[in-house]
Each structure stands twice: as structure tokens, then as C-alpha cells.
Amino acid sequence: MSKLISLDEYEKRALEILPENARDYYQSGAGNEKSLAWNRADFSNFRIRPKVLRDVSKRDTSVNIFNTKIEFPIGISPTAMQKMAHTDGETATAKAAANENVIAIFSTIATTSIEDIAAAAPNSIKWFQLYIYRDRKLTENLVRRAEAAGFKALVLTVDAPLFGLRRRDLKNKFSMPPHLKLANFQDVVLSMDGSGINEYVARQFDQSISWDDVKWLMNFTNLPIILKGIMTKEDARLACKLGVSGIMVSNHGARQIDNTASSIEALAEVAAEVKDEIPIFFDGGIREATDILIALALGAKMCFIGRPVVYGLACAGQEGVEDVIRILKREFDLAMCLAGVKNVSEINRDMVVHKNYYARL
Ligand SMILES: Cc1cc2nc3c(=O)[nH]c(=O)nc-3n(C[C@H](O)[C@H](O)[C@H](O)COP(=O)(O)O)c2cc1C
């Protein structure tokens, strides 16, 4: 295999390798996939303004997240069912994240259990992504297990009362291959039963979830809670008011409602509202380090990647995920150097402009 040198190359190779069912599930967005295209394309609407002659010989790429120093502002977003990409699935991701010292978020609907993920990488920083099930006892039990296994934060996904209209999955009648299981659940009722993921979600997830459920969660866990899927200033304000520990600006990889703003478009609106009250995390369309620079300049504290990790897994398991992260790290260090910043805190709003700025001059 010739050396892959960018996240785009990993994607291309993975899409050649993956079977159609899994490939479509990982790749697809909602509806006509307009927001999916925008998630990528809208980074091109921003222009970086590099500063020169700043002595960038010593650079510090680290950030402080919940009182822990993290070497790079790059983390792993939760993606479900990673064993469809590689037999080692979430275990490989956890080990890669540990070796590369990045935060990794693991999905409720993973193919490896909370406990097995923790055992694979006991000392890494793991966050648990939570869906709220109709059965609140079961939901609470997931939280307790994540706490006991040493997960350091809960990432509550708030944009998925149902799953979006994913036409490729409809066409394929997407369901998990029978040899895999949703490993966080023993109960056969909570398996997919060959019925397809949308039916599973409609049966099990609670469409009635509201801000009261966030309060409910905050009342029984001491873990920091991050709301994933905030796309407007109004919701960002409610999140701050409630006292959550952080929010993630994300349109769920454009898999929920089509025609939403891209994640990067929504970021500036949310950041203007939140300012420094709570940390803003970001995902959606990050494929190279200049994307990270732009997102940080627009107000994100740290960026996460979803599909690129799955594609790294598909290409080369743990080694593939590590390589994907290493590529981004190298690119990010170089981008900081060339943009004229010595540390991440120097990346501020002045560093990028919308491209229209140049037309108005
Ligand atoms: C295959 C796949 C599965 C996903 N599964 C979950 C999930 O279980 N929970 C969740 O909150 N988000 C899930 N997401 C959304 C990701 O966490 C993330 O928001 C998105 O992938 C970021 O965009 P990117 O893929 O362009 O980096 C999934 C995304 C993909 C592509």
C-alpha cells in the first residue's frame, strides 16, 4: 500500500475497501446531502490572515480542557458501530487515541462495550456519548457504567430524537451485519433484530427529550456534561443558563436535517453568544489543519473528527487511526508556524475573515 499523506487520501482508499452497506452508512448525509457538501465546502468561505516576523521557532500546540493539558486541539467524535470498518473497531480507536494522547468520544451504539473500551486504553481520556432512551433506568445505567469505567465526561447528543432521512441506508435496508452486536446492551430487545437502524432508533430513543432531561442528567451525575448538536445562539444561551460544562457545535456530520447551516457557518453565531462562558467544541467537515485553524479562530476551543477516524480504521485499524491523527498534528503545527502564531491562545477572531471582506475593500 503506497503511503497515504492526507485525510482525503484515507477517505478515497477506505471507500474502495469498505463493503457497500458500511460504506454508504459511514459516508452518507441526510436528504439530498446539501449540508454534507456545505460542511466541507464552507471552509473555503473563510480566508486566513497570516502574520509574519513573529519568531515562531518555538510553538506550543496544547490546549487546556477541563483542567487537563491536551497536546493538540484535535479529538475523536463518536461514530457508531466501528467494527463494521475493522474487526478491532472501538478498541483500535481507543488504543490509537491513547498513543496519540487525544480525547476520544465513544458512542452509546458502539460495537464494543464501555468496559472493554476502558480496558483497552485505561489511561487515555475517554468521553462517553449518550443517547437518552425511553427507558430512563437503562439510560441511567449507561451513565453509571461510564462513570465506573473512568470516562471523564458525558457528551449528550441533543439533535437526534429520530435519525435523519438517510436515503442510502433506506435503499440498502441498512442493518448491522449479524455477527456484530450493540455491545452496551445484553438484552435482545435492544438489538437491531435485522430491522434496520431507523426502526431501532424509533423504538428505543425518546422523542420527548427536552431541556428537563438535561437537568435530570445533571442531577444524578458529577461528570461534566457537553451538549452535542447545538447550532443556534438561542440553544447556546439555554445551555449556558442551565450550567452545562460545554457545548459542541455540530450538525451531526450533516446526518440529521438537510439544509441546515454547515457546522462552520453556525459556529460564529454560537461563539458570539457564548463568548468565554463555557468551552465550545466543534465538529463537521474537518479534513485538514487549516480547517482547525479557522474553527479555532471563529471561537472553538477544540475540533473533533468523525468519518476520518472510521476511514483510518478501514484502511489500517489502530495504525490507520494513529496515522490520521499524526497527519493532522503535523499539518496543524505547520499551519500555526506559517500563520505566525506561537500558541493556540493567539488564534483569535482577527485571524480569519469571510471571503466577502475582500470584495468590500
Ligand atoms: C458513521 C457515523 C456514525 C455516527 N454515530 C454517531 C453517534 O453514535 N453519536 C453521535 O452523537 N454522533 C454520531 N455521528 C456524528 C459524529 O459524531 C460527528 O458529529 C460527525 O461525524 C462529524 O463530522 P465529520 O464526519 O465530517 O468529521 C456519526 C457520524 C458518522 C459519520
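Using N, Cα and C of the backbone, Cβ positions are placed for all residues, glycine too.
All annotation found in TrEMBL is predicted automatically rather than curated by experts.
As given in TrEMBL:
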ACT_SITE  His252  active site, proton acceptor
BINDING   Tyr25, Tyr131, Arg166, His252, Arg255  glyoxylate binding site
BINDING   78-80, Ser107, Gln129, Thr157, Lys228, Ser250, 283-287, 306-307  FMN binding site
DOMAIN    1-357  domain 'FMN hydroxy acid dehydrogenase'
The rounded CA-CA distance in Å from Lys228 (FMN binding site) to Arg255 (glyoxylate binding site) is 13
Are there any residues in the same chain, six or more apart in sequence, whose C-beta is under 8 angstroms from the C-beta of Tyr25 (glyoxylate binding site), and if so which?
Met81, Met84, Arg166, Arg168, Asp169, Asn172, Phe174, Ile197
For the binding-site residues Ala80, Tyr131, Arg166, which sit with their CB under 6 angstroms from an atom of ligand 1?
Ala80
Mind computing the max CA-CA distance among Tyr25, Tyr131, Arg166, His252, Arg255, which the record assigns to glyoxylate binding, rounded to whole Å?
19
What does the structure give for the C-alpha distance between Arg255 (glyoxylate binding site) and Arg307 (FMN binding site)? Integer Å is fine.
12
Report, in whole Å, the straight Cα-to-Cα distance of Tyr131 (glyoxylate binding site) from Asp283 (FMN binding site).
18
With every protein chain in view, how many other Cβ atoms are within 10 Å of the Cβ of Arg307 (FMN binding site)?
20
How big is the Cα-to-Cα gap, in Å, between Arg287 (FMN binding site) and His252 (active site, proton acceptor)?
15
Distant-in-sequence Cβ neighbours of Tyr131 (glyoxylate binding site), under 8 Å, six or more positions away:
Thr108, Ile109, Thr139, Thr157, Ala160, Phe205
List every residue in the same chain as His252 (active site, proton acceptor), at least 6 positions away in sequence, whose Cβ is under 8 Å from its Cβ.
Thr157, Asp159, Ala160, Gly164, Lys228, Gly229
